[in-house]
Amino acid sequence: MEVMQVLHMNRGNGENSYAKNSTVQSKIISIGKPIIEEAVHEISCNNVLESMGIADLGCSSGPNTLCVISEIMDMVQATSHRLGHPVPEFRLYLNDLYSNDFNSIFMSLPAFYHRLKEEKGIGCGSCFISGVAGSFYGRLFPSKSLHYVHSSSSLHWLSQVPPGLESNAVTPLNKGKVYISKSSPHSVLHAYSLQFQNDFPMFIESRSQELVSGGRMVLSLFGRRSTDPTTEESCYQWELLAQAIMSLVREGLIEEEKVDSFNTPFYAPCAEEIKVEIQKEGSFIIDRLEGFEIDWDGGAVSDVHTAQGKLLIGQRAAKALRAVVESMLESHFGIGQDIMDDLFSRYAEIVGNHLSKTRTKYFNLVISLTRKG
């Protein structure tokens, strides 16, 4: 799978779009807001800037995209006013992979600029927004051009499927699974860990060149508390997806060989793994490294023990995952809309049954970093 060409959130504003099904990601941004505010405040306190470079890496599309940069601008403006500093010009860079729905973002900019002018008094001559297509596992910006980097719900995606997993052997390495599971052999766990150890330092090293001395970076991604990569909080959504896919295999709707050759380019690290890679690279001070839980549906359904509650939470969790992974499933399995609908209907039922018994939650890590001088 060519991840950089295939991976994108569902486009547009339809029923299955990311724009309509990104409540979990929005909640993650909201919970992490105090940490973002702290970082932005320190930049504004320590510098009187004429122009401020801000990048959102893995911006996707939909309401979360412009909401994030709007809130960062609010923070800078409020701190500047308190200190009696002039509000800097804003250079805002929205980055994602080439197949991201940048058109939707650009179409929403006129209304966004209008709100900036009406609500904040910031005109188009003081705010410059650019789309930057490319992988953040490499350089994206000129040296020392950024003051703040934000990335939320993106760094758990790997640059590629770990090498060696797509085996042509008689018995596939991760048979019947789409990610790490309790039954995965150690070689699968090791391959995913190695890919993270390759990708994450490339991200950190690239940002170290692009950020000014004292620049700040706040990263948020799915992770896990335990050092064990097979824990439910990091794996079970994929385990249940594999169950739904295998039910289609048993009915002859999907080829089993296709399942055995599909491996999700995702990795949920523990805090220690992140800490080790940051310290090894050496360009950043870790100011904060924290974690928190979040419901699979973003906490929208409170009572999951009734038939209606079980149905609703399953449907919401299924729509949230579909908005994120449909592009990869469509590319790999080559299935049409009817089978895709069937797959996520089955997944919704499986998830509803599971969450009515055990309220498994995602675990999210937030890291706040300062570029060393």
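Including glycine, each Cβ sits where the backbone N, Cα and C put it.
Keep in mind that this is a model prediction, so the values were computed, not measured.
Here is what Swiss-Prot records for this protein:
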- Tyr18, Cys59, Asn64, Asp96, Leu97, Ser135, Phe136: S-adenosyl-L-homocysteine binding site (BINDING)
- Gln25, His156, Trp157: jasmonate binding site (BINDING)
- His150: site 'Involved in substrate discrimination' (SITE)
- Asn174, Asp260, Phe262, Asn263: Mg(2+) binding site (BINDING)
- Phe222: site 'Involved in substrate discrimination' (SITE)
Candidates Tyr18, Cys59, Asn64 (binding-site residues) with Cα within 10 Å of Phe222 (site 'Involved in substrate discrimination'): none
Tertiary neighbours of Asn174 (Mg(2+) binding site) (same chain, Cβ under 8 Å, six or more apart): Leu165, Ser181, Ser184, Pro185, Val188, Asp260, Asn263
Phe262 (Mg(2+) binding site) to Trp157 (jasmonate binding site) - Cα separation in whole Å: 15
Which of Ser135, Asn263, the listed binding-site residues, has fewest other Cβ atoms within 10 Å: Ser135
Intrachain C-beta neighbours of Leu97 (S-adenosyl-L-homocysteine binding site), sequence separation six or more, cut-off 8 angstroms: Met4, Leu7, His8, Ala133, Gly134, Ser135
DSSP three-state assignment (helix, strand or coil) for His156 (jasmonate binding site): coil
Helix, strand or coil at Phe262 (Mg(2+) binding site) [DSSP, three-state]: coil
Close recorded positions near Asn64 (S-adenosyl-L-homocysteine binding site), where close means Cα within 10 Å, chosen from His150, His156, Trp157: none
Those binding-site residues listed as Tyr18, Phe136, Trp157, Phe262, and which of them has the most Cβ atoms within 10 Å of its own Cβ: Tyr18
Diameter of the S-adenosyl-L-homocysteine binding set by C-alpha atoms, the set being Tyr18, Cys59, Asn64, Asp96, Leu97, Ser135, Phe136, in angstrom: 20
Neighbourhood of Cys59 (S-adenosyl-L-homocysteine binding site), C-beta criterion under 8 angstroms, separation at least six: Thr65, Val68, Leu94, Asn95, Asp96, Asn100, Ile105
Least buried by Cβ count (within 10 Å) of the recorded positions His150, His156: His156
Sparsest Cβ surroundings (other CB atoms within 10 Å) among the binding-site residues Asp96, Asp260: Asp260
DSSP-derived class (H/G/I helix, E/B strand, else coil) of His150 (site 'Involved in substrate discrimination'): strand
